[in-house]
Amino acid sequence: MSHLLVSPLGGGVQPRLEINNFVKNDRQFSLYVQALDRMYATPQNETASYFQVAGVHGYPLIPFDDAVGPTEFSPFDQWTGYCTHGSTLFPTWHRPYVLILEQILSGHAQQIADTYTVNKSEWKKAATEFRHPYWDWASNSVPPPEVISLPKVTITTPNGQKTSVANPLMRYTFNSVNDGGFYGPYNQWDTTLRQPDSTGVNAKDNVNRLKSVLKNAQASLTRATYDMFNRVTTWPHFSSHTPASGGSTSNSIEAIHDNIHVLVGGNGHMSDPSVAPFDPIFFLHHANVDRLIALWSAIRYDVWTSPGDAQFGTYTLRYKQSVDESTDLAPWWKTQNEYWKSNELRSTESLGYTYPEFVGLDMYNKDAVNKTISRKVAQLYGPQRGGQRSLVEDLSNSHARRSQRPAKRSRLGQLLKGLFSDWSAQIKFNRHEVGQSFSVCLFLGNVPEDPREWLVSPNLVGARHAFVRSVKTDHVAEEIGFIPINQWIAEHTGLPSFAVDLVKPLLAQGLQWRVLLADGTPAELDSLEVTILEVPSELTDDEPNPRSRPPRYHKDITHGKRGGCREA
């Protein structure tokens, strides 16, 4: 039997569009909705079905497309499907994952376009140019209604008529949850759920809570993303939430990615790696993760996949197996006999897609690309500064048109000038301690009595979310992440600067933290260690982004408190 190959997309290099712009493009959105419906309807035992592709990440516990390892699955390996979480392969393994879904949807879109009786040539062109959209949560933490709240959407069908149809982006409906062998609570839910209002059989999406949680996380998400671009310079620190040697002062791409999973899922599917891809928002999320990888790589163009280990193993990688840029990225077949490897996946253009920030750039001029992308990162995610203007991408068509509007100068932007101190909380823990996803919530000021209010509290500085399979294990997996603090201080206090003599007393007096399980209950985390660090930084008028110096650890701020720094 031949394999389903992950192949470069046809139609030339086309940009993936941000979902807020994508839903305004009638042809692209109409084809996407119909193609997704067709993929959902594909029999579950077929490799190109949504059920099979989503199941690659974890459940059901079956091989995908005959991709098996060189040895039998080891009992010491904790089943995680094929995905390479906690590994230096995390960014590169997920690139063909989004691509295979995009490839299948593209095929459906082209077949659908051929059935249009009105303006067929335009629909066929739109289908050829179709690329999967991404959700830029670092700029727009709350997705558009077409993704999270509209049970029906209006599309143009092949007869040229506007028609209201069920919205496939809201949820995926299982033929039978028994087909996946899921554990509770997923074995009693017929559809995927986001921030469900209970764990019972009749649980429903809680859209209002989803919006509130995501909105309250916006400032922290934006800042964490910006810091990742500016401070993370090596592949081990960039690629994985597993602590790497040499120390880091900012979140990895995987750590930020974890935050989105738990914020969207709550106690629902997106919060559990074993079932997360069944929620269609997973691929909007991971398309953006892929975009951030492309942007970071354009800035750090001399850095790519470095050696590491497979952590707890996968269906084809043994426990702690050494991995590098030549490791097979199973189950993604490049040919009938070979898998894709990380060193073959560096260029998105070679795979048939790009992102709006790269449109019109000469990708062979790496220094020029570096400067342009650095500037765009500052415009998209950096605090607005005097004289700087924000980038607005107008992607109503398949080509990027850039316009500019005056930027509002935020209070954070006013304080980040010249020499300044950038404050963060370093969060360490054993991700497997409690057997489910959880959130370490950092507060300045009073903490609400009701744990359900923690993630929407105005006193929440930010949170570090652990994205964990809901099964207990004795394996210890230390994880590290960071919660930026400056943006909260700027917007909620009257401090004139981030100077040590001003900020340190504020943190020593008012800083508190709590642990919230995915099911909404509070917990104690014995492995938790919260340490405050200050990164001396400098922002000049001739550079778009600040330069950082070695961090200073203020261990005394949290030492002696439960979950605080263990060293004095």
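Backbone N, Cα and C atoms are what each Cβ position is placed from, and that goes for glycine too.
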Site-mate of His257, His261 for Cu cation B in Swiss-Prot, selected among His132, His286: His286
Surrounding CB atoms that lie within 10 Å of the CB of His85 (Cu cation A binding site), all protein chains: 26
Spatially closest candidate among His257, His261, His286, the listed binding-site residues, to His94 (Cu cation A binding site) (Cα to Cα): His286
Protein Cβ atoms within 10 Å of His286 (Cu cation B binding site), excluding its own: 23
Beyond the site residues His257, His261, His286: chain residues whose C-beta lies within 8 Å of the centroid, for Cu cation B: Asp258, Ile260, Ala276, Phe282, His285, Val289, Phe467
